[in-house]
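Here TrEMBL flags 58, 62, 143 as Zn(2+) binding site. According to TrEMBL, the disulfide bond annotation covers 27-65, 38-44, 104-147. Taken from TrEMBL, the feature signal peptide covers 1-20.
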């Protein structure tokens, strides 16, 4: 019985801790982490938004960021290597795997300063790549995707 109570408490504490985590500002020029809305041609930036005529779902959350803007560490993070959103190479096919605050996540469309090491909250991760070259007219953004592909919205 005591073990059950302890386990239940630890599980509750872990769930509370993750809900308490909030991303700090990701991008210069967007200190409130404003989310990308919907673009007529390219769809919406929310988690679960339809892609390819309903054939698949958007597996991340898009945070508005201008092409060439600085992308910052949202909290103390470990840089865990390269992450790419596409199989076919293009001008924005770069990103990084990160972990911190008990979370594992990826940032796409970012050219990192480095793919390894650690950063403190607010330090430069890299620069947003030129989204307009690949998707003319889209609201440029950083794509945030959890490693387990769960919904990152609650962290914003």
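Placement of Cβ uses the backbone N, Cα and C atoms for every residue, glycine included.
In sequence order, 35, 36, 45, 46, 139, 141, 142, 143, 144 are the residues near residue 62 (Zn(2+) binding site), counting only same-chain partners six or more apart with C-beta under 8 A. Sequence-distant neighbours of residue 27 (disulfide bond): residues of the same chain at least 6 apart with a C-beta under 8 Å from its C-beta are 33, 63, 64, 65, 66, 69, 70, 71, 72, 128, 142. A distance of 12 Å separates the Cα atom of residue 38 (disulfide bond) from that of residue 58 (Zn(2+) binding site). Look at the Cβ of each of the binding-site residues 58, 143 and count the other Cβ atoms within 10 Å; the largest number goes with 143. The distance from the Cα of residue 147 (disulfide bond) to the Cα of residue 58 (Zn(2+) binding site) comes to 14 Å. Neighbour density around each Cβ, counted as other Cβ atoms within 10 Å, peaks among the disulfide-bonded residues 38, 44, 65, 104, 147 at 65. Within 8 Å of the centroid of the Cβ atoms of 58, 62, 143, where the record puts Zn(2+), the same chain has further Cβ atoms from 36, 45, 46, 47, 49, 59, 60, 61, 108, 141, 144, 145. You'll find the Cα of residue 44 (disulfide bond) roughly 23 Å from the Cα of residue 104 (disulfide bond).
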